[in-house]
Amino acid sequence: MSERLIVALDVSDKEKAMDIVEELKDVVSFFKVGMELFYREGPKLIDDLKNLGLKVFLDLKLHDIPNTVARALKNLIDLEVDMVNIHALGGKEMLRAAYLVKDEALKRKGKAPIILGVTVLTSMNQESLEQVGFKIKLSQLVAILAKETKEAGLDGVVASAQEVALIKSICGTEFITVTPGIRRFEDANFDQKRVLTPKKALELGADYLVVGRPIIAASNRRLAAQKYLEEMEGVLHGSL
C-alpha cells in the first residue's frame, strides 16, 4: 500500500528534502521530485534517493517539440527513475516520440519507467480553461488527452481523481491514473481546485495518490503520512 502513496518533495533544496525522506522512509517508499528541487539539485539527488531503495517520480512535465522531448526523456530514463511525465497537450507526435524512447530503453536495458501524460493541472478548473481559450468542458478535454496518451502507447495519465472513472471507462482499468489534489477532510486545499479525499479517489479507481503539503508541512510528518495510509488501507479492506 505504501507504494500507492507518493509524497511530493515540494521543497527548495536537498537538505530539506532529505529531512523529509529520513522521517518518512520507513512508512513511505515513493517520492516525487519536481522542477524546483530537481533544477537546483540535479541528478545527484535522484541517485541519493535510489541508493536508499526508494522509488522516484520525476515530475518535470516535459513539453516541447517531439525530438527535444525524446532526447530529454532518454536522459531522464538513464537516471533510473520509476515514473516520469510529459504534457499530453504536446500532441500525438510528441507522445509517440516518448513511447519510442521507452520502447528503445526496454530493448536496451530490459526496463523503463512508467511514462505518463499530464492532462489538466489540478490547480485549474473550468473557468481557468476558458480564460486561456478552451471552449469545451474540462472533463471532455481530459478524456481527449487521456485517449491520445493511450493511443500513443504510454502507460497512463496524471489527472484529478474527479476524472478517474471517466478515464478508466475510456482507456480501460489497466491504464494508470496518478492523482494529485488529494486531501483528507481536515486538510487545507492550498492552491488546488479539483480535490478529493484518499477514500473517494481509491473508490473511483485511482492507482497512485500524490500528496505534498498536508504531509510535508505537518508538525509530525510520519503521523500525517500514516493517517493517509490508514484511510487508503480502510478502503481496500472495506473498513471505511
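Here the Cβ of each residue, glycine as well, is placed from N, Cα and C on the backbone.
So that you can see what the record holds, here are the features copied from Swiss-Prot:
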- Lys61: active site, proton donor (ACT_SITE)
- Asp10, Lys32, 59-68, Thr122, Arg183, Gln192, 212-213: substrate binding site (BINDING)
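Distribution of Swiss-Prot features across the structure.
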{"residue": "Asp10", "record": "substrate binding site", "Cβ contacts under 8 Å, 6 or more apart": "Gly34, Glu36, Leu37, Gly212, Arg213, Ile216"}
{"residue": "Leu60", "record": "substrate binding site", "Cβ contacts under 8 Å, 6 or more apart": "Gly34, Met35, Phe38, Leu76, Val84, Asn85"}
{"residue": "Lys61", "record": "active site, proton donor", "Cβ contacts under 8 Å, 6 or more apart": "Met35, Asn85, Ile86, His87, Val118"}
{"residue": "His63", "record": "substrate binding site", "Cβ contacts under 8 Å, 6 or more apart": "Val69, Ile86, His87, Leu89, Gly90, Met94"}
{"residue": "Pro66", "record": "substrate binding site", "Cβ contacts under 8 Å, 6 or more apart": "Gly90, Glu93, Met94, Arg96, Ala97"}
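Fewest other C-beta atoms within 10 Å: among the binding-site residues Thr122, Gly212, that description fits Gly212. For the recorded site, Lys61 (active site, proton donor), the DSSP three-state label reads strand.
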